[in-house]
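So that you can see what the record holds, here are the features copied from TrEMBL:
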DOMAIN    37-337  domain 'FMN hydroxy acid dehydrogenase'
BINDING   Lys212, Ser234, His236, Asp267, Gly268, Gly269, Ile270, Arg271, Gly290, Arg291  FMN binding site
ACT_SITE  His236  active site, proton acceptor
BINDING   Arg239  glyoxylate binding site
Amino acid sequence: MDWHTLKAQAREKFRGACRVCPICNGVACAGEVPGMGGLGSGAAFRNNVEALAGFRLNLRTIHNVHTPKLSCRILGLDLSLPVIAAAIGGIAMNMNGAMTEEEYAAAIVAGCRQAGTIGMTGDGPKPEVFEAGLKAMAAGLGPAIPIIKPRDVDKIVELAQRAAAAGAPAFGIDIDAAALINMTNAGQKVGPKTKDELAYIKQHTSIPFIVKGIMTPDEAEACCAAGVDAIVVSNHGGRALDHTPGTAQVLPYIAETVKGRITILVDGGIRSGADILKMLALGADAVLIGRPLAIGAVGGGADGVATVLNKFAGELRAAMVLTGTADVAAVKEDILW
Ligand SMILES: Cc1cc2nc3c(=O)[nH]c(=O)nc-3n(C[C@H](O)[C@H](O)[C@H](O)COP(=O)(O)O)c2cc1C
């Protein structure tokens, strides 16, 4: 399946929930939450895309990098490229019923496995959101990394243990959902966590623990102190707090503080292989991609997800050759102009 057919099919199925724009930058869908947009003015979503666009790559072709290495090892997992599918939940509500929660999780989990990588699955006020990820694993479609809402710590521990029993190689919490309105409206308590609470979750679970939604060096440092295995530098695709900076802007400061002591993942506005390479140069070990893979899932199910991932892999390979980058695990800062 080609990218253009995939986009046309997705546009039809979304029925306006996502316009599948030529550039997915949060302009057309500003304020559309529920929906696929960014919260409020949509600035945080736009800032992600603009921040990445603000970095330029140095073109270098006098070298011997012909076949760059895209594969990498992240949290003990061998991945064919440094890309993980971001958790996306609330499919019926956000995507105009284009898919069910279960169909979406199945497409992400199977499509990621097809492309040699792994996907995260979501959580939400309805139990079916979290269950969809576990069901995809139980159906043998592949492993998944469930991302649990920042519920009470004992509930997080309970869900993380269920995830581990279902075969998840890691789990996380999207700590930036601490004030998520659809959780509180449904009477489900979410909230910020202290460093001690993060340490408690780590101590009472058995698989690697990811904290998603870190935007400042001090909070990255707190995750290190709590024994967290990985952070995701993320503003939830601009859906948590309006007017946050782009993740590419804050990533270098976070990497300067904690690089080498904790796995650094990042998401927000990554739309091409060149964007992936920029994030690696800014200090990430790997990236998460959200909306483009949602377009893949809605447009073509598991095959659609794999098509988008393979497109990113091809673009990343070309960008590595054209910047003289041999290995995704050793991307030099001087590829940035
Ligand atoms: C419709 C929608 C639903 C989302 N649901 C979740 C979720 O359940 N859990 C979570 O951790 N993040 C969720 N996110 C945020 C993504 O995991 C990710 O951080 C974001 O989409 C990355 O930005 P990008 O879409 O520009 O790549 C959601 C994002 C969207 C667009």
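Placed from the backbone N, Cα and C atoms, the Cβ positions cover glycine too.
Features per TrEMBL, on structure.
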residue	record	CB count, 10 Å
Lys212	FMN binding site	26
His236	FMN binding site	27
Arg239	glyoxylate binding site	24
Gly268	FMN binding site	33
Ile270	FMN binding site	27
Gly290	FMN binding site	22
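The maximal spread of the FMN binding site, taken as the longest Cα to Cα distance among Lys212, Ser234, His236, Asp267, Gly268, Gly269, Ile270, Arg271, Gly290, Arg291, is 19 Å.
DSSP assigns Lys212 (FMN binding site) to a strand.
For the domain 'FMN hydroxy acid dehydrogenase' (37-337), the model gives a mean pLDDT of 97. In the three-state DSSP scheme, Arg239 (glyoxylate binding site) is classed as coil.
Note: the Cα of Gly290 (FMN binding site) and the Cα of the residue listed as 'glyoxylate binding site' are spaced 12 Å from each other. The secondary structure of Gly268 (FMN binding site), as reduced to three states from DSSP, is coil rather than helix or strand. Put simply, Ile270 (FMN binding site) is 15 Å from Arg239 (glyoxylate binding site) when counted between their Cα atoms.
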